[in-house]
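Visitor: I have a structure I would like to understand better, so I am pasting it below and will then ask my questions one at a time.
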Amino acid sequence: MRWVKLGRRVIMSRALSSRLNLELGNKLKGLVSDQFYDEALRLYKLKIHSLGTNGFTAILPSVIKACAFQQEPFLLGAQLHCLCLKAGADCDTVVSNSLISMYAKFSRKYAVRKVFDEMLHRDTVSYCSIINSCCQDGLLYEAMKLIKEMYFYGFIPKSELVASLLALCTRMGSSSKVARMFHALVLVDERMQESVLLSTALVDMYLKFDDHAAAFHVFDQMEVKNEVSWTAMISGCVANQNYEMGVDLFRAMQRENLRPNRVTLLSVLPACVELNYGSSLVKEIHGFSFRHGCHADERLTAAFMTMYCRCGNVSLSRVLFETSKVRDVVMWSSMISGYAETGDCSEVMNLLNQMRKEGIEANSVTLLAIVSACTNSTLLSFASTVHSQILKCGFMSHILLGNALIDMYAKCGSLSAAREVFYELTEKDLVSWSSMINAYGLHGHGSEALEIFKGMIKGGHEVDDMAFLAILSACNHAGLVEEAQTIFTQAGKYHMPVTLEHYACYINLLGRFGKIDDAFEVTINMPMKPSARIWSSLLSACETHGRLDVAGKIIANELMKSEPDNPANYVLLSKIHTESGNYHAAEEVRRVMQRRKLNKCYGFSKIEPELQIEDYQGKSWSPI
């Protein structure tokens, strides 16, 4: 009788324990489901010692998920894994799937693979978890192997998983063959074909590969298109410079009674500048944003300001700026960049001072725009002010700003300041070296430019097209013909293609210093068609050195064919004929100009008397 009572007590105790474990498990699942991960972990730590083996196994998936999403220290995740092994719960497929997801969150790809490989039984979730981990780590070909294995064992992936693979394929810049393989997976599964998410991912992928035909085919086949689908098409077309199509799609989207969102508007705006519609298209999109209540968005307002400036309507951009309730550093940067593009350095400095008064600190983007304005204005007084502001804001370690300062000082006439900035840079990239070479070249210091060029190569930097052009320009300014010839003939050593701009600079150098025959030979042997600039510089060299022979006539003929509507070419040709005594030919050139209604462009000068900028054209009269 006593043994019967004892048995009943054991059964009751186990039933009570099982009920408590069930209640705890349900409570933990509820907390994790509602994303209260911190509370779930606290409850687990409080109750862990009262749990039996069965109860522990039941709550493990919830606790592991909470650990992963709460981003607890990795040590807790490792402890949970050890407890799984100790309790024999690692044989449970659900627990193993949770461990894979947790290790993926902690970016422990080797642990992910180990758990997956040691699983006795795998399901769809197992494969989805490890493939998502591969997508997260950029392991495209590993993911492809797993997706093949998944199909081999009869597991069908969800559309979200294939969408992740497509996004990875796009990000990794894979071949179109791989892209079409994933597309084939979609075509063989009707459920996937109905997925808007998956179709949108396909559209985005094909547009990133610049395959418009395939993208439009997928887009047209979609039975349901949402805002994201249309936005993917619009942004892809604009990114691939198919601006007209991007704008047409934007209008078609509205005809389908779909409301473009903030991302759609930001995607279509760059097309406005490229299509040369002026500010009319920007106004159309701006009006749409007002009608649908998007106009208050700060990032969108900043984008509208930038586009108005690029379309030449700075005044309207300023109205937007002044009427904005909240003006953050992005808006200030947009407004300053707008004035910088128009070359209004005075207004740029006024805005900078106003910005400081309102207590807003300039960031690197703002300062780069200001440096750009000063570079274009070539005003040294403003350049020094900007440099002080950069020092004050603590951005001198910013390599982009340092490079911009070198260029700014060089163009503003202070080589010593450019040199000082260059040697104070804690880190120098290829642009830094190229900027300094260019600075020496602008001031006619060819030997110093060559020393910097040699130092750049000795420092392990590869010569790119920008550095190559900088050293050729420096030799051109300093008259170092032999050195330039040596460098140009060694272009193949730098594993860099010689561009049209490089040829133009080199031919100009040869022509300026009387090597007309060499210049002409280089021109006719170029691997690409010579530009009008090359023919023009050659013709000027012929005039300077009195070489109006057969070569001079050929060059003049090529120049006229290359740029028949450029009045400067006719003026140069008329001048050459006059100086050679061929007045009849000079008069004929002037008559052709009159018939074509081509007028000579006036020269333009800018001076800075007493810190006031004054502009003069060739036909203007100056009191100075």
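Cβ coordinates come from backbone N, Cα and C, glycine included.
Per Swiss-Prot, region 'Type E motif' is recorded for 534-610. Here Swiss-Prot flags 56-91 as repeat 'PPR 1'. Marked as repeat 'PPR 2' by Swiss-Prot: 92-122. Residues or ranges marked as repeat 'PPR 3' by Swiss-Prot: 123-157. Residues annotated as repeat 'PPR 4' in Swiss-Prot: 158-192. Taken from Swiss-Prot, the feature repeat 'PPR 5' applies to 195-225. Residues or ranges marked as repeat 'PPR 6' by Swiss-Prot: 226-260. Annotation comment: Swiss-Prot describes 261-296 as repeat 'PPR 7'. Residues or ranges marked as repeat 'PPR 9' by Swiss-Prot: 328-362. Here Swiss-Prot flags 363-397 as repeat 'PPR 10'. Here Swiss-Prot flags 429-463 as repeat 'PPR 12'. The feature repeat 'PPR 13' is assigned by Swiss-Prot to 464-498. The repeat 'PPR 14' annotation in Swiss-Prot covers 499-529. Swiss-Prot lists 1-15 with the feature transit peptide.
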Visitor: Over the repeat 'PPR 13' (464-498), work out the mean pLDDT and round it to an integer.
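Guide: Here the mean pLDDT over the repeat 'PPR 13' (464-498) amounts to 89.
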Visitor: Count the residues of the repeat 'PPR 9' (328-362) that DSSP assigns to helix (H, G, I), to strand (E, B) and to coil, and report the three numbers in that order.
Guide: 27 helix, 0 strand, 8 coil
Visitor: Below 8 angstroms Cβ to Cβ, which residues of this chain, lying six or more residues outside the repeat 'PPR 10' (363-397), approach it?
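Guide: Hits for the repeat 'PPR 10' (363-397): 329, 332-333, 336-337, 339-340, 343-345, 348-349, 352, 355, 404-405, 407-409, 411-414, 417, 421, 424, 426-427, 606, 608, 611, 613.
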Visitor: Using DSSP, break the repeat 'PPR 5' (195-225) down into helix, strand and coil residues and give each count.
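Guide: Tallying H, G and I as helix, E and B as strand, the rest coil: 23 helix, 0 strand, 8 coil.
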